[in-house]
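Participant: The Ni(2+) binding site annotation in TrEMBL covers His2. The annotation Zn(2+) binding site is assigned in TrEMBL to Cys73, Cys76, Cys89, Cys92.
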Amino acid sequence: MHEVSLMEQTLHIAIENARQHGSNKIDRLKMRLGEMSGVVPEALQFAFDALKEGTIAAEAILEIETVPVICYCHRCQTSFHPAHLFYECPDCGELSRDTQSGREIELTSLELSEQ
Ligand SMILES: [Zn+2]
């Protein structure tokens, strides 16, 4: 589990960003987490609640958007959402090794209080 260190970094980036914009209060953070990112949203939320104490994000809300795994089948030239752990194309049955999304871990937006 690396949610705590991930959240430490994210919070650090968010706080730096807020300071650069002349704000000393963060209201909301939005993150995107891929299904295959290996990050557990609940654990990330828990880490956030613990780490935000005493920072300018102490009252902030963390919103986590889960990004589904999307694979690409080169034979059919289509993208699909795999139904299970094996990335099997629903049309031709070929196993895809080409994942287009599902691994991302991103801080996508920040809402800051104007001061
Ligand atoms: Zn296919």
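Even glycines carry a Cβ here, placed using N, Cα and C.
What TrEMBL says about a protein is an automatic prediction, not a curated fact.
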Participant: Identify, among the binding-site residues Cys76, Cys89, the residue whose Cβ has the fewest other Cβ atoms within 10 Å in this structure.
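Facilitator: Taking Cys76, Cys89 as the binding-site residues, the minimal 10 Å Cβ count falls on Cys76.
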Participant: Please determine which of the binding-site residues listed here (Cys73, Cys92) has the lowest count of neighbouring CB atoms within 10 Å.
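Facilitator: Comparing Cβ neighbours within 10 Å for the binding-site residues Cys73, Cys92, Cys92 has the fewest.
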Participant: Roughly how many angstrom lie between the C-alpha atoms of Cys76 (Zn(2+) binding site) and His2 (Ni(2+) binding site)?
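Facilitator: So the alpha carbons of Cys76 (Zn(2+) binding site) and His2 (Ni(2+) binding site) sit roughly 37 Å from each other.
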Participant: Rounded to an integer, what is the Cα-Cα distance in Å between the residue listed as 'Ni(2+) binding site' and Cys73 (Zn(2+) binding site)?
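Facilitator: Cα-Cα distance, the residue listed as 'Ni(2+) binding site' to Cys73 (Zn(2+) binding site): 32 Å.
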Participant: Using the centroid of the Cβ atoms of Cys73, Cys76, Cys89, Cys92 as reference, list every other same-chain residue with Cβ within 8 Å of it (recorded Zn(2+) site), in sequence order.
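Facilitator: Neighbours within 8 Å of the Cβ centroid, excluding Cys73, Cys76, Cys89, Cys92: His74, Arg75, Thr78, Phe80, Pro90, Asp91, Gly93, Glu94, Ser96.
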